[in-house]
């Protein structure tokens, strides 16, 4: 240790030195008193007065007094913290806005009136400007200024300025890097210019920076009445900044505002409250314009109020307003209505192409990529449209200012493919059943919030429009349109709710009727929005009401039914009820997901189940044999979920062990095994543990036990546990008397699959350390639903289908199927009404099919069912009778027969489309084959 040479400092001298350096501050009242020994010397006093700009009165008052008042301390602190450069930049008069005494005095005069004062000069909202080429030069200039100022402050030993300049220097460096990358720099984020502390050099640098900033945006002519402030002028802030040019519009406005504030103060001293209020309002109205000038916007100075001494007694004109012509010019114009779908697609693609180019020019790469993806979608849609394929315009984004394209997708003739024929048949089948003649349907108008678009007529002939469509009906009928599916779903749900309200009223359930009626009324805003082409959130639609009596055979069977028939009715009812419940569950799940297509699909299946149940009820009430029923293979896309579990439950199933290892000296038949598990959640110390019961005397025990574990789906620890740890299992041999349990092996179940699946079912290998033992352990884990996404899976079900109408005699539900003109002498005595006409080709097909079925039964030496024999007889009799009638009826009956064939063609077309949509591929193929038979017969008849 080296000894310090020289005299030792007196005790306490270090603390004094620390206080002088500002390291120790004494906030006690004694420490705030000015001591008289050496501190108030004339030299120090003169130096202090020179620093603060000469305030001798305040100091003389403080001499010899006690603790200083807080106002004086704060004022001295402000004076000490100010820079000399700031004193040179501004004057006392320019700080009128910060004069708290003046503002307090004016507020005291005006009272509550100032709260209602609104700016007289409305300013347009600023628009973000693109990247300015002068910003980078400005940042470089400011960077040089801050580096010079930092060096001057370091030489002067001013630590406060050094820290402030260092922060500004780092900010400028970051902004400069961002500007070089092409990003947009907010001018308000640029630190203000500072004086470098080098006299003329600072002034020269400031002048050069100001000229550089002024050259960023070209000034407008003085005669036009519009001036532009420098683009880098920042809003008023507490940081030191350069004063505006005396000839600039900003300085002109600030001077005028200052004059009005002084005039308001003078009027207040003269007790002229009205004039003071008026002048203060005018002064306040300058604030928005000053902000607009600070942001670099164009401002109209032609309507500035005159100086206060020239102000007329009338109310002043509104002050200058920022020009909004630029924003008006850049607003996208509404395009001309397209003539067809191709033109509409090209218009919208061009709009997004322009938007992508603008985003690239502004440096917004994210928005540019988004617009380019939309352009790619439109290009694919245009190629598909030119190739003759259908385009789902509801899936394409619509740019702002463009009306939706609903109604244009079918405005051009396309190839008559099978899909097009089916869709046309669907529209024709939806005609009004009360009209006998084939009237032409007039086009209906679709109301949209932006513009109204036209829609294709349902009839191929062109008829003049008779008027707008009623508000209650939807105009477009495009079956591929998501909006139409949405509208059909909402109308069907409203009808179900109204029917439920009526049933509740009939049962004297007033509260239930009111509830269903309120729910139906609540769907009207959604219906109106859907009719206007707007999307709605179907997840907010109330669920379909369920009537338990729909699937109950309430009538007693007639005397003609046997016990076997009653049992058969009960089985069919149970199957239909299960199918209906499954359809409602899947429909609710897809409704919450917003999948309108799958929701409508299961809604239709549920309606089919109800119609089948109605057929059963009618046959049961009449004591008829059970209707013809069959099972079909239906394939569905369903959401796999375990509704009996809550979100905080996880079920662990330990099913069985397979060839578990046995200890040395024991045979497999002597193994007494059980399994214990360890799930480290919520943490390792509080892990959830349990074990199975002991299964004795086998090496392949079947445990079949389940354990409910508690989880928190959103907890971070749970995600970490399933991703990295899982569940650990130990296969243990139960020890006997004075023998401990022996661990035979371990197994680990990974739970990462639960992210996308709600069930994990695996057969794990039992290991002894890392060595396989040859044993297996079957386990399974279930949660309510996957952690991150819904699990969609395809399932095939045996679907019960009850024939509402025999396949050999399809009743045509068309517009008023008239009875054929049959002479009275040709009618059978027992036939009180004329039989409907059917296609002879279809009857021949049904007869041939029934003959093959009967022949197969006889070859198998099985009895022919009575209903099959009855169907065969009906087909043969109908075919013979209809051929005779067509030969005797003449031209009138042939025309009627042709009309019936057209109706049957439409019926089979719609049936094939509906069955194909529901997933019944075999039934759809049969309906399509019948349709082709009818079409061929109709062509032969017309020739």
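Glycine is no exception: its Cβ is also placed from the backbone N, Cα and C atoms.
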Annotated coiled coil segment (source Swiss-Prot; candidates 245-291, 339-385, 386-432, 527-573): 339-385
Per Swiss-Prot record, range annotated coiled coil [choices 477-510, 579-612, 613-646]: 477-510
Region 'Disordered' range according to Swiss-Prot, out of 110-147, 148-185, 300-337: 300-337
Annotation match for phosphoserine in Swiss-Prot, from 223, 435: 435
Averaged pLDDT, computed only over the residues in the coiled coil (477-510): 81
DSSP-assigned states of the domain 'C2' (630-764) in counts, ordered helix, strand, coil: 17 helix, 62 strand, 56 coil
